[in-house]
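Shown next, in structure tokens, is the structure this report addresses.
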Amino acid sequence: TLKSELQKKFMCEEVWKSAELTKDYKNGDASLQLMLEDGKSIEHTLDPKTKNLPYLRNPDILVGENDLTALSYLHEPAVLHNLKVRFVDSKLIYTYCGIVLVAINPYETLPIYGSDIINAYSGQNMGDMDPHIFAVAEEAYKQMARDERNQSIIVSGESGAGKTVSAKYAMRYFATVSGSASEANVEEKVLASNPIMEAIGNAKTTRNDNSSRFGKYIEIGFDNRYRIIGANMRTYLLEKSRVVFQADEERNYHIFYQLCASAHLPELKNLKLSSANDFLYTRQGRSPVIVGVDDTKELCTTRNAFTLLGINESYQMGLFQVLAAILHLGNVEIKDRDSDSSVIAPNNRHLTAFCELVGVTYQDMSQWLCHRKLKTATETYVKTLPRLQATNARDALSKHIYAKLFNWIVEHVNKALITNVKQHSFIGVLDIYGFETFEINSFEQFCINYANEKLQQQFNMHVFKLEQEEYMKEQIPWTLIDFYDNQPCINLIEAKMGILDLLDEECKMPKGSDDSWAQKLYNTHLKTCSLFEKPRMSNRAFIIQHFADKVEYQCEGFLAKNKDTVNEEQINVLKASKFNLLVELFHDEDKATSPTGQVQGTGGRTRLSIKPDKSREKSSKEHKKTVGCQFRNSLQMLMETLNATTPHYVRCIKPNDFKMAFTFDPKRAVQQLRACGVLETIRISAAGFPSRWTYQEFFSRYRVLMKQKDVLPDKKLTCRNVLEKLVQDQDKYQFGKTKIFFRAGQVAYLEKLRADKLRAACIRIQKTIRCWLARKKYLRKRSSAITIQRFTRGYQARCLVKFMRRTQAATVIQKYRRMYVEKKRYRQKQAAALAMQTILRAYIARQKYQSLLREHKVVIIQKRVRGWLARCWYKRSLIAIVYLQCCIRRMRARRELKKLKIEARSVEHFKKLNKGMENKIMQLQRRIDEQTRENKSVNEKLVGLESSYTVESERLRGELNRLRGVEEQAKNKTNQVTSLLEELEKLKKELSVTQQEKKTIEDWAHNYRDEMEKMVSELKEQNGTLKKDKDDLNRLIQEQSQQMTEKMARAIVQETQQLETDLNEERSRYQNLLTEHLRLEEKYDDLKEAMNVSKPGHRRTDSTHSSNESEYTYNSEYAELEEGSRAAEDVTRGIDTSLTLKLQKRLTELEQEKQSLRNELENKEEQFQRARARDDAEFKKARGAELEYESLKRQELESENKKLKHNLVEMRQSLLGNAGASSGAPGSPAYKVLLEQLNSACEELDVRKEEVLILRSQLVSQKEAMHHKETMTEPSVYAEDVSKLKDADELKQACIGLKDTNRSPRFMRKPLEVSELLSRLRSAAPDFHKLNEDGELWLVNQGLKETIRLLEHQLQTQRRTYDNEVEALRGELQNVKEENNRQQQLLAQNLQLPPEARIEASLQHEITRLTNENLELLAEDPTASREARVTILRRMVDLMEQLEKQDRTIRKLKKQLKVYSKRIGEMGAGQTEGQTSPGQMVDEPIHPVNIPRREKDFQGMLEYKKEDELKLVKNLILELKPRGVAVNLIPGLPAYILFMCLRHADYVNDDQKVRTLLTSTINSIKKILKKRGDDFETVSFWLANTCRFLHCLKQYSGDEAFMKHNTSRQNEHCLSNFDLAEYRQVISDLAIQIYQQLIKCMENILQPMIVSGMLEHETIQGVSGVKPTGLRKRTSSIADEGTYTLDSILRQLSAFHSTMCQHGTDPELIKQVVKQQFYIIGAVTLNNLLLRKDMCSWSKGMQIRYNVSQLEEWLRDKGLMVCGAKETLEPLIQAAQLLQVKKKTDEDAEAICSMCLALTTAQIVKVLNLYTPVNEFEERVSVAFIRTIQTRLRDRCESPQLLMDTKMIYPVTFPFSPSSLALETIQIPSSLNLAFLTRV
């Protein structure tokens, strides 16, 4: 049976109910069979005339939509039902209805207005989030910025519907999102105006405890950057009658009750107030107290608001005086004197108080309260008033005073909200009364409904305009939509001869009355206007058909309220008051002032769409304007303003009249929906095409209705073809450019088709599953039957097998018996055959063995012969090869000799000086050859004697030892015999004694055994008992120990967690303080820039300002405010007075601080100059002492050198003297090895001497250039020649490198100066101590001296036999000394030669010296013992290794020096052509420089000049491009460079340099981050480098805690002079700021991607369907071009990660950044999920879980699973699981409570309330289930906050991460432009 859900309208009340059709309807049926939701069956009779059927209800899938226009059936019951479902079931108070936001008052405080909600809606599209007042405010703010057009938010509704609260929240949103453009806190002032206006303009009514009794339009002004600069307020139609009269259960304005409740305050004592029940004006409603409101606290709030708006305490007390006077005036009792007059009793207490408070005389006021003055053409007379008229005049005066006071407060509030900054645009918030109808409606209701008629007309035109624009935009053919036009009703009220016109005319009549005015109305409009009616039973009332309903107005009081007259004499008395404030209230009485309390455009603001009032010609005419005329004019101005802006509508609905929370009264709701125009909007939308889908959305939703062949590449064409097949009537839809438009009901029809298709698919799935289940059951039965058959057949088979086994066994027995017989016979035959085979095979084997033996012998013979032949061939080949090598070596030697001869010939001057030296060399060579032959023959004899002597000695020694052994053995055996006999006698005696003792012991042992057995048994029993007790105690102890351990563990864990929590909170608090500090700095900079901009012209900079701030003043930007008081005055003219005073005070403080800093700087400069002069004097003194020390040291070394040579000669002589008795004579192999080692050592020493001489010659040539550069700490500028400065500087750096190369921690001392090094190099005997600071050569020489002394002691006995040889050697030694002296003279002469010839001469001299020393060594004949030779050999090997090491070092330094010399030569060549530079040495063949080997000796420091500091900071920080550095260079290179520069400043002990470098670095990093703080790459780069710089400061600080992982070389690089712990804290704070900037930058990049990628994008295609969206289009879940997807997020995360890795960010820091990234993703996604009803569905939960799994996979790929990022997604994961779990039974509720531990109760309930089925197969969550969840979770202790804090940043830590990179290996690339840095 076809069932359709219907809604039935009962005729008794206008209430709609849902019903279901139980019987098919056929055309012609007179009634419908229905069943209501409660199960009751009814019969609904159709109207026989119209036959109209009840409205169709929307499908359940469309119920509860955010936008009412998304409903397929648009009519009144559908709207009402949708609002009820959202309000009652889902607890949602906001709903869109096209362009209107419907807000239902919940009468309960909801947590949906916090700053987190504001941040969530900020920047979002209006349709992307759930309906909210913040969404409307954001849309207005966005359109203002985008369209450059002013906006208006029109809030309307009944009293108690929540208009004021909605307007207040809208203004709070603007104040929060936009901020203030100045320091005057305008946004706070705008919000502060609310308490004031509520106090003086709001009151309690029967419908609302805080009802606004006036209308207001607030314009919030914005500058060109869309920040709040001010506001302006206009008020309309204050309800003055409430001042003097209140109905039951109502109150007067709040301010009166606040004053009465605070009457006990000392400052309010003079007001003479008491309880509110004591005053007539506050007790008439008999409800002076509002439940839950403390009037005393409210007065404090009001006073604070007054203060914030600049209304000082004196003005406040004046206002309170006027208000108290009004209360006292109401208590003035007027009595009847007679029927025509009245009187006030003398000394009336309240009138006396009134007069004292307002400063008037008692007599005047009492006179004119009971009298009035009448004027005629000729005379004036005073007339008495009866008591009733006097009372009315008193009340009129009270109302007039209050109206004046109200206007004065509004005017001053506007003055406080207006600034001098030019307004760029504004957003207006209109909080105005809604349509009102009561049992008795008077003039106030008439004006209110008139205003609503005008607003409704504007609303209708705007809605119609939007519909028209939409159709034209989509090119849809449209016809004029018929909508209700209320222009006739407006004409009835305001047109000529209209109601207001007739009322004003009647007021001008002398005897005009309400009755005569009513008759004029009847006569004029009763027959001409259908909207005007007359009541049947009254002649003093009229009825107007408004757009919302008919309203009957009572004419009584219309004229009096329209005139609003006040006794002029009473006003004159008040004007003469001594109370200044009261006079100020009435000083403009003669001017145009609306008696209704409307403020006429205060503030002098100009609005484009408001025409100025040109009718102000005479004040008297203005004063005669009636209230109706004034209201009409102000309303006209309001409409012009609204028409000039883009309107946004908020319609507030009151759900019930009893203020019950979340209780919905359908009847009251329908009345208000009709009155506020919501249903009219629905009707206009339903008249056209209300349902609108994009082609992509339609395709995605209804793809199930298409066949595969219908799907075309063009989705638009596909949709067109399919829709033509599905809907035959083409008038039901239209195709636009981007959307498909549907008539009402068509979407429901398509949903039905879709549901039918899905239902058919479900049936097919069910059929298939049931078939599968049945088949599975059948297969189980079949399997069981087969199993039974198998077991039966198995039994039968086993029986058969048993029979067959027996048969087989018998057969086997027979087989084996027969086999045995045959086998026995076979074995006999086999044995015979084997015997014959054995004999035969043995014979064959013997023959074969003989053959093999012969072959083996032959092979051995051949092997020996071939070996002999091979050895012969090898010897011949070896001889030939040796000969060939000799030839080649001879050829090479000849070439080398030739080369040396050529070099020798080139030194012509040397040959002249050394003529005849070659002949002497030849003679010495011949003598050496003869000596060698003699030594050889002597050595041969010595070897023979030594061998024979050794053999004989060994034989005799062996025989002697054998005989001695035999003798010893004989003696030992004789002694043994005697001792054994004596021992035997002793043993016999002992044996007898022992036997006796044995018997005694046995007896005792037997007795003892018995006793011990008894004792053991007893002890066993005791032991068992004790063991049992012990086990019990142990078990008890273990249990207690385990309990204590667990308890302690729990306590420790809790304490640890608490400590960690406290630490994290402290970190977070500290980092928040840093953030606040940074924000204040930026705020201060903005203020400073504003002040600079405000005073153009030249700005003088303080000449004493220094950039060398200390570590405590690194934020010295504050000292840059140097403008004087005159500039401050100019700047602060347009600023608030309090702000001006603060700024002036701050400027004074800054000037004092600047002056103190100047004085301190001057003192520091004087101290520096004195210290510099003192250091210069000390340096000159130390330099002179150093030169003296070097001279003495050189003399000592020369004497030591002579002594060593003497000792060496003596050793050689002693060795030669023992030639005949030792095998180590000259010529022996050991002696040759020793000589070779000595020669090589001497050669190496000479090479070093040669290189040192070369270095010395070059340094001497540059002596003049080095004259002006003596110190290292104070670089100066040469005045003579720039090139000389550069040359000397480079040479100095080379010398410093040479000095530091051989530094060792064991010999650390004061660094050498250049002059000191030069003086040491010029000395005749270089100080090897100094040149080799490791001391290894010196130690080797000391060892040699000790060894030589030992050899001398051993060889003294042999010297006598070799005296002659010693004499000969002494003679030769004398010759050598003479030769050395001569060579030294030649060397001194060479030093006087030109530089180009000096080097060649030095080389030739060294060659000659080496030749002579080698000849001497060969001529000597050392004869020390073998041990001495080995010792010397070892010492010389060590010496050789050390020399090789030093040789390599000096060679490298030599090459470095040559490079510097080359540069010097190149620069010098450009000035003079004839000048020759030492750099010409580069022409010599040298090996290329090996850079990696140079790095070993680099000390890891960089030197820079003081004036280059700015250049260093500029090139390394301000102008550095992170991309190039990160890709091409090592990570953290800028940090390493900065630290190396810092190390050098520490090395030279320059504290000022350290301070300025650190301060400049910190300020420059801040500057670059402020300039490029939105660039993630820049921020990440400097975060990594700042952390690396911080780690370097820790690693090289010298603290043991940071030196654990350092190498010994790194420990040498530690800072030695300064403790930078305080700077480490400053840099750590800077790193925290950079980290927070990185998180903000990252959040700005990720924020637009998260919602689209995590929620909206359909990652798993086809899982979620698109629902109808209505007018407020939300973002489609289909991935269009340009939309973000999950892959976009993952790519961005990968980009972040790779960037940080390239920059060398610490892994632990990367983990913290990733954790923060995932927290942002999870928090933003969850917040949007909680604010979007369309996202809370089962399919969306699956999408979210899949997206989360992709994020986890990304973490797994990056190795970041343990960083805590996954845990931050836990709330989102649990929310997704909550969307997917069952939500029906109590077990489901328990499972949800145990599963959702990371979600708060508010979040769980919110998700359940928002859960929306996407398909018909899903079910909504019942209210009862939600209540069950709330009951189970009520005991949770958690924050009531709904949304997660997306601005929360986890506290960051920087774990110490030492670097393994050695500082000395770091290369500075040329791309950094840091050539001015010198490597030290």
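Each Cβ is built from the backbone N, Cα and C atoms, and glycine gets one as well.
Note that the structure is predicted; figures quoted are calculated from it, not measured.
Checking the ranges 152-174, 635-657, 1854-1876 against TrEMBL, the region 'Actin-binding' annotation falls on 635-657. Neighbour counts were taken as the number of other C-beta atoms within 10 angstroms of each residue's C-beta; across the binding-site residues GLY157, GLY160, GLY162, the minimum falls on GLY160.
On the 0 to 100 pLDDT scale, the region 'Actin-binding' (635-657) averages 89 in the predicted structure.
Same-chain residues lying 6+ beyond the ends of the region 'Actin-binding' (635-657) with a Cβ under 8 Å from its Cβ atoms: 83, 87, 97, 99-107, 133, 136, 139-140, 143, 147, 149-158, 160-163, 166, 170, 207, 217, 234, 236, 428, 430, 434, 450-451, 454-455, 458-459, 462, 607-611, 663-665, 668-669, 672-673, 676-678. Cβ contacts within 10 Å of SER159 (ATP binding site), excluding its own Cβ and spanning all protein chains shown: 20. With a cut-off of 8 Å between CB atoms and residues at least 6 apart in sequence, the same chain places ARG207, GLY434, PHE435, GLU436, CYS652, LYS654, GLN672, ALA675 near GLU158 (ATP binding site), listed in sequence order. Per DSSP, the secondary structure of the region 'Actin-binding' (635-657) breaks down as 9 helix, 8 strand, 6 coil.
Taking Cβ-Cβ distances under 8 Å and a sequence gap of 6 or more within the same chain, the neighbours of THR164 (ATP binding site) are GLU198, ASN202, ASN210, SER212, ASP431. All protein chains included, ALA161 (ATP binding site) registers 25 other Cβ atoms within 10 Å of its own Cβ.
The Cβ of LYS163 (ATP binding site) lies under 8 Å from the Cβ of VAL155, SER156, GLY157, SER212, ASP431, ILE432, TYR433, GLY434, CYS652, each of these being in the same chain and 6 or more residues away along the sequence. Neighbours of the ATP site: apart from GLY157, GLU158, SER159, GLY160, ALA161, GLY162, LYS163, THR164, residues of the same chain with C-beta atoms within 8 angstroms of the site's C-beta centroid are ASN105, ARG207, ASN208, SER211, SER212, GLY434, CYS652, LYS654.
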